[in-house]
Amino acid sequence: MLYFKTAGESHGKCLITIIEGFPAGVLIDEAFLNKEMKRRQGGLGRGGRMQIEEDRVEILSGIRNNRSLGSPICLMIKNSDYKIDELPAVTKPRPGHADLAGAIKYNQKDARDILERASARETAARVAAGALIKILLSQFGIEVFGYVKGIGGINSDKILKDLDVGKKNREKSKLYCIDQDIEARIIEKIKQTSEKGDSLGGIIEVIVYGLPIGLGNHTQWDLKLDARLAYALMSIQAIKGVEFGLGYNASNKYGSEVHDEIFYKKSTKRSLLTGGFKRHTNNAGGIEGGISNGEPIVARAYMKPIPTLKKPLRSVDLITKEPIEASYERSDVCAVPAASVVCEGMVTFEIARAFLEKFGGDSLDEVKRNYEGYLFNM
Ligand code: EPS
């Protein structure tokens, strides 16, 4: 079974990712891994830490001569800002962060022991895993594309129709948006928010292209693909909600307005994936009954504003129990663009997990045989 775990603290020596269940024989492009790491470091609104770091992946195991061995893959990202033992205690918990709940749970008076691991720095390790797994999915024509749909309430209603155009627009954008019409307003809002010492959240959309009908499973609650993707996305720091397709909005409409009618046309390349069945709308976001239905999967994650505020909120000192302002060191004003790369990585992982459950094998060739045997040869 495909799985990964991460280890490492924000200001510790390094971050580690161990990936298990990755098939043998996949050619790994190290430069691609580092390109993805760089993307996570970017985007307008990031704070001082990203000027210190240059996140690079070092492959410690599981790959030989650029090919996966089928054994556990260990990836390491060194922290330039390695100073964990010298850092001062944090006794002024930040509302919205893990500081208070974690300190109480672990019986600590210093929330540093909690925040070092709770920090979104950990997402660098997830992006490394996601990048590696993207290479595997690309062997099957599956692409995962994440972008920023909105920040601070300025949201795009543009629907992505052409992936290549989307990629070009995202590449040009400081915010990883695909809609230039909202960019200037968001940039201004980030500037004003920074001056006010505040922070901003936003909305991220992740779309998965090229999936066949049949990933996930309706037979058990924890096998449903939408539930699993929601879990993967909700596990990301600061993500507070997830929806698919029409999402929350479906609850306000008639059934006849929501459900995607079924049509049939065999001929296109897509028939291989769907057996010729197709939809003209995708309100379901590519999943029905917990199973992929052959349409692109469209997931949206809602991110809250980062809790570390230059103009801090009220808090209580963990030791004196006196009222005090929450702690502030430095922070991002807005990390939504970076989080879009993390969302992409987590969706990639969960899709690949479901893919390998259905078509898995020890080597890439075996997975390919299993997959090709399933496709609708029309
Ligand atoms: C992050 C590194 C952190 C923060 C941010 C994400 O670095 P530092 O705490 O040294 O400034 O910039 O973490 C948080 C938003 C958080 O709440 O902990 C990174 O690498 O992405």
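Cβ atoms are placed via backbone N, Cα and C, with glycine included.
Annotation source TrEMBL lists NADP(+) binding site at R40, R46. The feature FMN binding site is assigned by TrEMBL to R117, A118, S119, Q237, A238, G289, K304, P305, I306, P307, T308, R330.
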As a check: which entries in R40, R46, S119, A238, the binding-site residues, place their Cβ less than 6 Å from an atom of ligand 1?
S119
Taking the Cβ of S119 (FMN binding site) as reference, which residues of that chain separated by at least 6 in sequence fall under 8 Å from it?
E9, S10, Q237
Do me a favour and check the Cα-Cα span between I306 (FMN binding site) and R40 (NADP(+) binding site); whole Å is fine.
16
Going by DSSP, is S119 (FMN binding site) sitting in a helix, a strand, or coil?
coil
Rounded to the nearest angstrom, how far is the Cα of T308 (FMN binding site) from the Cα of R46 (NADP(+) binding site)?
12
Starting from each candidate's C-beta and looking 10 angstroms out, tell me which of the binding-site residues R40, R46, R117, K304 has the most other C-beta atoms.
R40
Could you tell me which of these binding-site residues, A238, I306, has the greatest number of Cβ atoms within 10 Å of its own Cβ?
I306
Please work out the number of neighbouring Cβ atoms within 10 Å of the Cβ of T308 (FMN binding site), leaving out its own Cβ.
22
